[in-house]
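Q: I have a structure I would like to understand better, so I am pasting it below and will then ask my questions one at a time.
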Amino acid sequence: MRGAVKIDFLKLRREIIEKDYKNLNDRQKKAVFTTDGPILVLAGAGSGKTTVIIHKIAHLIKYGRAYNSKNIPDGIDEAELEMLKWYRDGEVDELSPELAGLLSEDAVRPYNILAITFTNKAAGELKTRLADGLGDIGRDVAAGTFHSMCVRFLRRDIERIGFERSFTIYDTADQQTVIKECIKELDLDDKKYPPRKVMSLISAAKDKLISADEYLSHLGGDYYLKSVGDIYSLYQKKLKSSNALDFDDLIACSVRLFEENPDVLEYYQNKYRYILVDEYQDTNHAQYKLISLLAGKHKNLCVVGDDDQSIYKFRGADIQNILGFEQEFSNCTVIKLEENYRSTQYILDAANSVIKHNDGRKGKELWTSNTGGEKISLYIADNEHSEAQDVADNIARLNTKLSDTVILYRVNAQSRVIEDTLLRNAIPYKVLGGLRFYDRKEIKDISSYLRLIANHDDDVALRRIINEPKRGIGLTSVD
């Protein structure tokens, strides 16, 4: 009889747990129910990865390892089994705490879960949705960006690497001020060494965990980069004397803290037994190293991403982090989310057809059950002006709300011809994530020169350009 009870209970427990996730597809359920060890979730565009991450965290907290476990609680009897069947079938709406406890095994405490996202907004949304589903305990999950989590690590233990806990975090403007000071003190030409370019080179080095000393020792005979290395070295000394870190230091210093202090690392390894990382294809070397250290003990690391959406190489993102995940973490479970909920099959067919020519990717074939939609049309224009006019003609033909229409272009430089054409066709528009072409400073300056040539009495145009470029004319002289 005991064997029959065991079989019935294990089957029943799985059915009850699955009931909580009935809106997920089979691949999504597998991602949620696989709890231990390294997990790579390859989530194609529109495949519901955020939903999977939230359900996965909730499942760890509510059920732990129960779904895949062969263990049964001691002393379970036929009456309890019958009550669980009623609950599964909807004949009772709620279980007693004792019976509910039978469905869980090694449930994870929320504060033992670390979820890393790439934006504060995403972290906030995750916590809100967890709280909606789990109540206040959902807010106890450590969810944040790489930088916000590293601030927590460093506020607690940065004294171990020679800084005070009251350290300041320098923003881009602060960094630029210090870089300018360094360039001036080293008697370098800021036109040859533009502060923004130098900042970018230093940031790229920090993303690769290359210190100022290491940077200087691997330059060979490159005089320009040697000077950048000198700036980098002086910049770091100035940060240290000010008890300050820049954003890149937050991650680099956390890695250093863990590598030089095994007891600190072990504290966080034991605290965060389950780690989830979103948008893993966008991680750089320093972020990869940080995660590898934190997950080094328990190996319960779930990364979610899509190598096909890796577009931030210019920011230091290393696609090998996701492509090489299976080699880095042995016994890895790979789950592909290929069902798309966002697009039509026409769009997916086109996307699949293009991306399959990329040899350096994980194979995926997106599909959808969404029917309908219009076929994609391809227009090959003679030039950029013809292309822009075709865009305007299509907008006019559609006869839909303009706010439902979007024009995407690859680089900002392409916007001018499109904007000119929309203006000529009396089609109102707004540029998202940037300035309209005619609102840009350099364009307004040139326009003011032209206005002043045409109208010598245009005082507004005169005030704008009288000292552009700088001619040493002060405000008093202008007035």
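Heads up, the Cβ atoms here are built off N, Cα and C, so glycines get one too.
Curation does not apply to TrEMBL; its annotations are automatic.
Per TrEMBL, ATP binding site is recorded for Ala43, Gly44, Ala45, Gly46, Ser47, Gly48, Lys49, Thr50. Annotation comment: TrEMBL describes 22-344 as domain 'UvrD-like helicase ATP-binding'. Among the features that TrEMBL reports, domain 'UvrD-like helicase C-terminal' is placed at 345-479.
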Q: In the structure shown, which of the binding-site residues Gly44, Gly46, Gly48 has the fewest Cβ neighbours within 10 Å?
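A: Looking at the binding-site residues Gly44, Gly46, Gly48, the Cβ with the fewest others within 10 Å is that of Gly46.
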Q: Cβ within 8 angstroms of the Cβ centroid of Ala43, Gly44, Ala45, Gly46, Ser47, Gly48, Lys49, Thr50: which residues besides those meet this for the ATP site?
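A: Filtered neighbour residues, in order: Val52, Asp306, Leu337, Asn340, Tyr341, Arg342.
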Q: Helix, strand or coil at Lys49 (ATP binding site), per DSSP?
A: helix
Q: Fewest other Cβ atoms within 10 Å: which of the binding-site residues Ser47, Thr50 wins that one? Let me know.
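A: Result for the binding-site residues Ser47, Thr50: minimum number of other Cβ atoms within 10 Å at Thr50.
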Q: Count up the helix, strand and coil residues in the domain 'UvrD-like helicase C-terminal' (345-479) according to DSSP, in that order.
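A: So the counts come to 70 helix, 1 strand, 64 coil.
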Q: I'd like to know the mean pLDDT over the domain 'UvrD-like helicase C-terminal' (345-479).
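A: Its mean pLDDT is 87.
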Q: Around Ala45 (ATP binding site), how many other C-beta atoms are within 10 angstroms of its C-beta?
A: 18
Q: Just checking, which of Ala43, Lys49 (binding-site residues) has the fewest C-beta atoms within 10 Å of its C-beta?
A: Lys49
